[in-house]
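What follows is a set of notes on a single structure, which appears directly below.
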Amino acid sequence: MKLSLAAALLGALAVSAQTSTECNPLKQKCPADPALAGSADFGLTSESPRFHATGGTPTYGNDGASLTIGKRFDAPKLTSDFYIMFGYVEWEIKAAPGKGIVSSAVLLSDCLDEIDWEFLGGDPNQVQSNFFGKGDTTTYDRVKFHPAPNNNQEFHKYAVDWTADKTTFYIDGQNVRELTPDAAKGQYPQTPMRVLAGSWAGGDPSNNQGTIEWAGGETDFSKVPFTMFVKSIKVTDYSTGKEYVYKDMTGKWESIQAVDGQVNKSGKPGSGPKVESSTLPSSPSTSAHVPVHTVPGGGIGNPQAPNTGSSPSNTLTNGPSSTMTSLVGLPSSWIVTETGTGGVVTPTSAAESTSHHSDYTSRSSRSVSSSVSASSGNGGHGMTTSTGSGSAPTGTGSLPGSGSGSAPGYPVPTGTNGGGSNNPTDGGASPTSPAMQAPGSTGAIHSVSNALLLSFCAIAAWALV
């Protein structure tokens, strides 16, 4: 697969727009992460209370959870209500077909450590593996490609064995990639992770051309439905205790405390006490983490559904302190809000209520909000949404470039296909790269807001004359 530089850069941005965090413990004090603290086999032939659905309504049957894109802007996703601190996760998946359709299986932490499997519907014979540390997107040599024949016609098992010393990727039990902290060059994922799976349309015609090209081409929505099946998810948490707490803001695994337990550097899949898949966390502090919504960054996404086809305004407001604007170069209908540090988050569905808005999309220090979803509560975490559409945004900033809101100086992706060999060397290599953050967005927002206010006043004064 060969991509232009624009496709690589904007495609990377599109993928990063899918992962986010509600409260980043490297920047502020956050609630504890409820632990699985054992092993569980989640057969998804029926709904599991331990996985929360957003961006669409899954159905359940013999093939497991059906995550269906039935219309434009659907982006169904399952997110666990628990975390693991080193462990093993195996997703049994049949990826969604369709040009431009992206299926993902992801581990994601509150501080944006991330481990991904990603499938492109237009390329049913390979899968991509990827990783990120603390949301760092300064290099584009982390992804690898692996043979995965007929992945949208047949079920296969995609697993990650994540320890302090090594992360191993498996396809149907075969080791296809190993990642060590040294190979990760300081970006090794090492903080408590949630488990996710979902799909979205990277080929939506309102997205940037680079995003569409990365996803494999423009999606033809006359061919819906596009369905990803998740038959089961097996999870082992190698550590113990009722919850995980960040003792400081270093993001090192040694700084993670297991309350009433211990952090174990490694373990064995299936080990530890068996956790009933229907059992909800009982720790008093977990209520702040039960997903009241949420997505994609680097991995799974949630460019979730707008409910109108109208064009969004360039600058929107929702509440007294959440001015939002779009940035040139962002995928369509993603805008930036000043109530945070800036970055990329995907839209949330207008159909989702307040009780569905704090899990994956809103769990973000990349405080970006969508212009396409209805206003909803945000649990006090600075994430805002308002009604709009999926058309391509305009605004300040450029990609790449300089100035407020721009994403300057991104390197050209280099490297080769990781292939599917056993024990491949790591570091990743690919022209595609999830997760590109848009820095400096807060200043851009203030500039745009002030400029619009001055313009409005000037027009009003002129009219009076």
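Quick reminder: no glycine exception, Cβ is built from N, Cα and C everywhere.
Its Cβ taken as reference, GLU114 (active site, nucleophile) is surrounded by 28 other Cβ atoms within 10 Å in the chains shown. According to Swiss-Prot, the feature active site, nucleophile maps to GLU114.
Positions annotated as active site, proton donor by Swiss-Prot: GLU118. Just so you know, the Cβ of GLU118 (active site, proton donor) picks up 24 other Cβ atoms within 10 Å once every protein chain is counted.
Feature annotation from Swiss-Prot assigns domain 'GH16' to 22-223; the stated evidence is sequence analysis.
Swiss-Prot lists ASN264 with the feature N-linked glycosylation site, giving sequence analysis as the kind of evidence. In sequence order, MET85, PHE86, TYR238, SER239, THR240 are the residues of the chain that are 6 or more apart from ASN264 (N-linked glycosylation site) and have a CB within less than 8 Å of its CB. In the three-state DSSP reading, ASN264 (N-linked glycosylation site) counts as coil.
According to Swiss-Prot, the feature signal peptide maps to 1-21.
On the 0 to 100 pLDDT scale, the model's mean across the domain 'GH16' (22-223) is 96.
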